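Peer 1: Take a look at the following structure, please.
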Amino acid sequence: MCECNLKDPENPKNLLTKPLISKQKPEQNKTYLSDALKEVISINKIALPMILTGLLLYCRSMISMLFLGHLGELALAGGSLALCFANITGYSILSGLAIGMEPICGQAFGAKRFTLLGLCLQRTILLLLFTSFPITLLWLYMKQILLFCGQDEAIAIQAQSYLLYSIPDLIAQSLLHPLRIYLRSQSITLPLTLCATFSILLHVPINYFLVFHLNLGLKGVALSGVWTNFNLVASLILYIIFSGIHKKTWGGFSYECFTQLKSLLNLAIPSCISVCLEWWWYEIMIFLCGYLTNPTATVASMGILIQTTSLLYIFPSSLSFSVSTRVGNKLGAQKPSKARLSAIVGLSCSFISGLSALVFSLMVRNIWASMFTRDKEIITLTSLVLPIIGLCELGNCPQTTGCGVLRGTARPKIGANINLGCFYLVGMSVSIWLAFFAGFDFQGLWLGLLAAQGSCAVTMMIVLSHTDWEIEAERAKKLTGISDGCGDENQEEVVDDEKKTTIPESMEDSFAPLLSLDLYWNETIIYQIFIFVDVIIAWDVDERNKSS
């Protein structure tokens with residue numbers, strides 16, 4: 001028998017003190033898997049109540065449309081046009097501006113700077129109320145604007161009436177959006193679902209009372225929406241007061257809310273642009289339908305499909321908000337590796353969500369439209385496009401979740417640039433070419449959306465893969481004021497359990513092997529996408545260098 005005499009200078013007796021086969025790597029893998037599973041649970045604890053809330057609010061809009069339908073074709077057309085106008089000029093703007101507070105609140109909560117949440121809530125409410133004034137002036141002159149655009153006068157009068165009675169809803173939205181983000185940043189979402197359930201249960205009797213009992217008709221539908229939103233706001237405020245969660249975060253109204261607005265605006269304006277670019281895309285699609293071969297059928301089918309996409313969007317948007325909260329909390333707590341894990345787990349869940357949406361679209365493609373209409377042509381058009389919508393969700397879910405990661409890291413400008421480039425430079429160009437020049441007609445518009453969502457998802461993944469989480473944690477210090485010595489004394493210690501990754505100074509170095517393939521590369525669409533990504537990442541690096 002061969003004997004190996006390997007002497008260890010630190011162990012003269014040559015005793016075996018360590019196992020021959022190290023078990024460290026399997027333990028690390030097991031720990032990482034365990035952390036990932038815990039993160040899945042944490043993300044879903046926030047996301048699932050938000051999904052229920054989104055479904056409840058979706059039901060509310062459907063109830064309003066049903067009451068409008070009972071009032072007749074003119075009321076339905078006027079109310080639908082008013083809602084379209086309100087979404088473009090009002091609700092999308094308020095929603096986008098409110099999202100600007102999300103990274104501040106999320107990172108402040110993680111950094112245990114609780115009073116900053118209350119101040120940010122006050123600042124955002126003031127910002128939205130101030131923004132509501134020009135929106136109100138625009139709504140007051142809606143009739144003249146619609147007539148100038150060539151709309152039917154009878155429909156314009158109905159739409160004007162609906163919007164005039166919806167003006168108080170701007171105040172409700174200015175309170176509702178910040179309150180939801182304030183709670184979500186603290187991972188409090190179930191009470192929001194319960195409050196939404198309470199308000200939606202009252203929505204039907206309120207509609208009936210105003211529309212039929214008081215004979216307010218179209219005005220009653222508008223007022224019922226306002227009433228329901230104020231019920232939701234009131235129930236949220238009561239919950240915050242009686243639960244006591246405001247004690248750590250609310251120091252009362254302070255003149256400080258009129259200061260340091262620049263940091264909020266730097267996040268709110270890009271967030272608003274990003275949201276508006278995505279919302280307005282669908283309104284432009286409806287406008288383009290009017291120029292297709294059969295505008296009546298295509299516009300009707302487009303209405304059904306947009307309602308469908310709104311329903312499907314509830315799931316990735318809820319996941320996006322949940323991931324944004326988790327990433328922001330972890331960066332605020334100076335745990336970059338945990339923030340990275342939250343992003344990876346969230347994106348993994350988004351692919352599952354996208355696949356589920358595709359399966360759903362394929363399963364209901366032949367029966368979905370029949371729930372809304374009996375017109376065979378509309379049913380045929382809808383069934384042809386539903387599989388395309390399912391494919392769109394394969395890109396939309398990761399893209400929407402990626403936007404959540406960017407919000408959590410306080411980088412909404414990148415999301416706005418990606419949406420602008422992918423939706424309008426890529427998607428809109430493909431839509432117009434396929435629909436009007438390549439003979440795809442109605443399907444061409446949705447294939448353009450598929451191109452937009454696909455390019456958006458790819459670009460988002462490339463940008464996120466080059467995120468330096470250590471740098472983002474340092475930026476979180478500055479955003480929450482910890483670098484100025486404003487943090488709590490009992491703040492958790494920083495856990496450096498992630499290896500620092502570097503971002504290349506120029507993306508040309510990263511793509512050099514690809515760029516040198518041959519001359520035809522320069523003429524490909526893929527190259528144009530890489531150049532677009534190059535510009536975005538280079539701009540992001542410059543911005544972070546300036547801020548540091």
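Indices start at 1 and increase along the chain as displayed.
Positions of Cβ are set from backbone N, Cα and C atoms, glycine also.
Unlike curated records, TrEMBL annotations are generated automatically.
TrEMBL feature annotations, pasted as is:
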- 46-68: transmembrane segment (TRANSMEM)
- 74-99: transmembrane segment (TRANSMEM)
- 120-142: transmembrane segment (TRANSMEM)
- 190-210: transmembrane segment (TRANSMEM)
- 222-242: transmembrane segment (TRANSMEM)
- 263-282: transmembrane segment (TRANSMEM)
- 302-321: transmembrane segment (TRANSMEM)
- 341-363: transmembrane segment (TRANSMEM)
- 378-397: transmembrane segment (TRANSMEM)
- 418-439: transmembrane segment (TRANSMEM)
- 445-465: transmembrane segment (TRANSMEM)
Peer 1: Tell me, please, if the transmembrane segment (190-210) and the transmembrane segment (418-439) are in contact, taking contact as 3+ Cβ pairs under 8 Å between residues separated by 6 or more positions?
Peer 2: no
Peer 1: Under 8 Å, at least three CB pairs between the transmembrane segment (418-439) and the transmembrane segment (263-282) (pairs 6 or more apart)?
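Peer 2: Touching, yes - the transmembrane segment (418-439) and the transmembrane segment (263-282) meet the threshold of 3 or more Cβ pairs under 8 Å.
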Peer 1: Would you call the transmembrane segment (120-142) and the transmembrane segment (263-282) in contact, using three or more Cβ pairs under 8 Å, pairs 6 or more apart in sequence?
Peer 2: yes
Peer 1: State, in range form, which of 46-68, 74-99, 222-242, 263-282, 302-321 has the highest count of Cβ pairs under 8 Å to the transmembrane segment (378-397).
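Peer 2: Looking at each of 46-68, 74-99, 222-242, 263-282, 302-321 in turn, the most contacts to the transmembrane segment (378-397) are made by 302-321.
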Peer 1: For the transmembrane segment (74-99), what are the same-chain contacts with Cβ under 8 Å, counting residues 6+ beyond its ends?
Peer 2: 64-65, 68, 124, 127-128, 131-132, 135, 138-139, 142, 146, 151, 154-163, 166, 170, 173-174, 177-178, 181, 217-218, 221-222, 268-269, 271-276, 279-280, 283, 286, 303, 407, 412
